[in-house]
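Novice: Just passing along the structure, written as structure tokens.
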């Protein structure tokens, strides 16, 4: 068991003499701790990229598309159309802007708590997507009109016969789908794999 944990990156707490019951040394724990830090760096890198892509796209949409006719991307099947959405992802729950702001803040806190024990690269990517998307929409809710914690999110990706959304929504959905897949495969954020 200790060998499997060493391979997948779960450090054990070493005993006073520098080895744990499975024979791993304090050096093994230090190497594994380094692997964990790299996963946090991966999470933060994915989050920053997702956040900056979302922020940049929204700035461009507000500057170039707001109060303009939609732009056809793939005929009328996919358009770019600027709207302000006070609700959640895909226009759901417009009357609960403050509640969605609180939920997004809670999601960010939970991600940072999970990140402390993160030893799985796929989980780092999934959580990074969630974090970047949550921060992107939270930024809109805090800084855009009509007011702090009540701001409307800028949405612009408009598939035919579907809700309008943005890159933050896409990152959140992709991160959520990846988490479901990882959970079904039995991979935990700490890198352990279990068979049920």
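Just so it is clear, glycine is given a Cβ too, placed from its N, Cα and C backbone atoms.
Per Swiss-Prot, the features are:
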- 1-24: region 'Disordered' (REGION)
- 40-60: transmembrane segment (TRANSMEM)
- 92-112: transmembrane segment (TRANSMEM)
- 118-138: transmembrane segment (TRANSMEM)
- 155: active site (ACT_SITE)
- 164-184: transmembrane segment (TRANSMEM)
- 169: active site (ACT_SITE)
Novice: Here are some active-site residues: 155, 169. Which one has the most Cβ atoms within 10 Å of its Cβ?
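Specialist: When each Cβ's neighbours within 10 Å are tallied, 155 tops the list.
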Novice: I'm trying to understand the geometry here, so how far is the Cα atom of residue 155 (active site) from the Cα atom of residue 169 (active site), in Å to the nearest whole number?
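Specialist: That separation, Cα to Cα, works out to 9 Å.
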Novice: Based on DSSP, name the secondary structure state of residue 169 (active site): helix, strand or coil.
Specialist: helix
